[in-house]
Amino acid sequence: MKEKLVAIVGPTAVGKTKTSVMLAKRLNGEVISGDSMQVYRGMDIGTAKITAEEMDGVPHHLIDIKDPSESFSVADFQDLATPLITEIHERGRLPFLVGGTGLYVNAVIHQFNLGDIRADEDYRHELEAFVNSYGVQALHDKLSKIDPKAAAAIHPNNYRRVIRALEIIKLTGKTVTEQARHEEETPSPYNLVMIGLTMERDVLYDRINRRVDQMVEEGLIDEAKKLYDRGIRDCQSVQAIGYKEMYDYLDGNVTLEEAIDTLKRNSRRYAKRQLTWFRNKANVTWFDMTDVDFDKKIMEIHNFIAGKLEEKSK
């Protein structure tokens, strides 16, 4: 019998964390974080990492497992998340895969084989030189022309993922989107229920802006400065939204006000890309979280998940 898996996806600031905890408590679940940046220790504020209090007793996995100086790929995530799903089942509990990093979530749900494609070091160095000469946006534009859907799922700051996508295209002759489409045509190895959370754009964007202000109040600048003072600069971790903008401020390239405004704009754009990515996935059932009675909405989603899992287990 297939192992059960609930995936909860959606844009930043839509409420995935709170929703997943409430559902996991009702369904005897454990949460596997599907966020590519919450794996890093010491990057709590900028990644909106869940606190111990917010976990409310629900076990969470794949958070704080890497130093910011280390890399972490979709293949690494798949290697860690896949056995965790089995382990959670063996404890008699229901695994929840929760996050906004679309490629990471899909790689587990459909067991992508992208990690098996070898590296092309010469081409990688060539692209790194291109970034040094022309910048991350120019590299992202290069991917956008070839594979716009993959580009939509990757922020330009995360140039290492952009390089990997271009590397895969060169090595296989297929875009990441084509590779993923082929994998997605194969049924998931899991008894899967996939939930998407959405919200009216104006409401979501207002939540994002307020979240950024809250991050700054809670110490985002000091958090970024600790990484900055460690000399962590070209690493994958600090290409994340929130840290790249603060580094520009710490370098003296922009004022703090400009950095905060850029962070808000980049976060809104990222949310738009996340929605584009997930809305192209046919197996997602969407729930609108705009101005809802939260407890009633949780019960609605709970009943949907329970019904789907029962239906699929027959």
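Cβ from N, Cα, C; glycine included.
When the ranges 90-94, 115-119, 160-164, 205-209 are checked against Swiss-Prot, the one recorded as region 'Interaction with substrate tRNA' is 160-164. Feature region 'Interaction with substrate tRNA', per Swiss-Prot, maps to range 239-244 of the set 239-244, 245-250, 305-310. Here the CA atom of Pro11 (ATP binding site) lies 30 Å from the CA atom of Arg124 (site 'Interaction with substrate tRNA'). Thr101 (site 'Interaction with substrate tRNA') sits 9 Å from Gly10 (ATP binding site), taking the C-alpha atoms as the reference points. Annotation: Lys16 carries the greatest number of neighbouring Cβ atoms among the recorded positions Lys16, Arg124 [cut-off 10 Å, Cβ to Cβ]. Looking only at the region 'Interaction with substrate tRNA' (160-164), the predicted model's pLDDT averages out at 88. For the region 'Interaction with substrate tRNA' (160-164), the residues of the chain that approach it from at least six positions outside its boundaries are 71, 73, 103, 124, 127-128, 131, 136, 139-140, 143, 151, 154, 236, 239, judged by C-beta separation under 8 angstroms.
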